[in-house]
Number of protein chains: 2
Amino acid sequence: MTTPLIERTVFIVSDSTGITAETFSHSVLSQFDKAKFKPIRIPYIDSAAKADEVAARITRCALEEKHAPLVFSTLVNPEISHRIRNANCTFLDLFGTFLQPIEEALGMKSNHSIGRSHSVGLSKQYNNRIEAINFSLAHDDGQFIHGLQQADVILVGVSRCGKTPTSLYLAMQYAIKAANFPLIPEDFERGTLPATLTPYRSKLFGLSIQPLRLSEVRNERRPNSEYSSLKQCRYEVAEAERLMRMENIPCLSTTTRSIEEISTKVLEEVGLNRQAY
Amino acid sequence: MTTPLIERTVFIVSDSTGITAETFSHSVLSQFDKAKFKPIRIPYIDSAAKADEVAARITRCALEEKHAPLVFSTLVNPEISHRIRNANCTFLDLFGTFLQPIEEALGMKSNHSIGRSHSVGLSKQYNNRIEAINFSLAHDDGQFIHGLQQADVILVGVSRCGKTPTSLYLAMQYAIKAANFPLIPEDFERGTLPATLTPYRSKLFGLSIQPLRLSEVRNERRPNSEYSSLKQCRYEVAEAERLMRMENIPCLSTTTRSIEEISTKVLEEVGLNRQAY
């Protein structure tokens, strides 16, 4: 524990929302777990005057903190980008760095146009995404069973195993119409899938969870109930997993996985090749 | 229109989910609007053997298509990354390119550890995000008005102006507890905000929309209804905007904006500095 803790301000500068640059910086900086970062996202820098203001702010920050801040930039216009590069900073040029090798590989110039990636207010692709969100909301937790034939995937599993956030993530990032349907004690007593689901066997994907974790999650919602008891959670998880094995439904444990990781597995398994937004 | 249309396969290779690399590649490639890309995401490449398989697939693709594909990589381990770099491709090393200048700036080495950014299954930060999603769902469309004091922001606006997808995006990407509350004809007749909202004036953010677009959106849900008529949409939007002006609520039009763009504006206006996941 002799390494001193390093702290740095990180500016994320973009001519658009800066969300791509922010996610990327977060990912790269997670490789430095002995350092602490203070990220500041500055979106919509689309003029020389705004860039000069940001450059001045960066240089001021370097003076105050006695360290040059890191700057992640997705500025497309080289004229604007140049003004920030000249500030007292470590300038990480996410677009500039890669545009040139891609231009060479394709034998064509890039558009150098500003704010393209999230400026899609009314495109078909964007509408699909919003439609998928509405679909996933309408088909959350087994509600509104009409329209299941339109689902790209139907997540099944016990109550509170992570179906809802995963469905919404799939819809939001991949425009996937993800319904979800709970497996409940009634299904376990009967020992078969809910009849509603049998026509859609090929769309089903199972989520499971460790009973102890499930009990914690349920206790937050309904403390000290039968529903939240470890005994009940053990029973439901074992029965749900048995049912999925019997019905040959692919199944994944959500216990230590993020919605990004779960979604990635679902896409692989269900054979949907979709591009993230 | 003399430029020929260029088509390329794009591999996105990661030791984790590859979502960061995918989003980034999408953003960079949107700068080449005369080219058409076929993206293939290959997640969880965490061994030399898996890397060799991917390298062989890339080289095969180059042979078949008679063009070296583009490869966006967030492989952290240089040993694994090296094997893919050697395939017949234009290799774009998202991590390697930036780790070195950051290491120099910080005077410390990176962890070189695999799959850190979305491997956060049970962290506090991750739990906040899931909690925010649950909060936003529970407080969608003015339901469950108890607990509004816990909201980070409350979006208000006429029915179908984009409140729900924006709330969910804020929750999912920023762990922001975003409630939303509809403004309805009853509020316009009375000419004041719903009483439920008055204690939370500082948390309110208004969304508006062009009446013509609103009418289109509503018609998809309830065709040829009074609710969807242009006349009704014009009335509601005008009244909602008047109410917001009167109450000094910041307001943004969603008509041509994506949920990323709307969320960015909301964060700026409400003064929440949060980091995206």
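We count from 1, first residue shown onward.
Glycine residues also receive a Cβ, built from the backbone N, Cα and C atoms like all the rest.
As the structure is a computational prediction, the values presented were derived from the model and not from experiment.
What TrEMBL says about this one:
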BINDING   A:GLY157, A:VAL158, A:SER159, A:ARG160, A:CYS161, A:GLY162, A:LYS163, A:THR164  ADP binding site
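Counting every protein chain shown, the number of other Cβ atoms lying within 10 Å of the Cβ of A:GLY157 (ADP binding site) is 28. Contacting chain B by the Cβ rule (under 8 Å between Cβ atoms), the binding-site residues A:VAL158, A:SER159, A:ARG160 reduce to an empty set. In the structure shown, the C-beta of A:THR164 has more C-beta neighbours within 10 angstroms than that of any other entry among the binding-site residues A:SER159, A:THR164. The Cβ of A:LYS163 (ADP binding site) lies under 8 Å from the Cβ of A:ASP141, A:LEU155, A:VAL156, A:GLY157, A:ASN180, A:PHE181, A:PRO182, A:LEU207, each of which sits 6+ residues away along the same chain. Listed in sequence order, the residues A:ASN180, A:PRO182, A:LEU207, A:ILE209, A:THR254 complete the 8 Å Cβ shell around the ADP site centroid, once A:GLY157, A:VAL158, A:SER159, A:ARG160, A:CYS161, A:GLY162, A:LYS163, A:THR164 themselves are left out.
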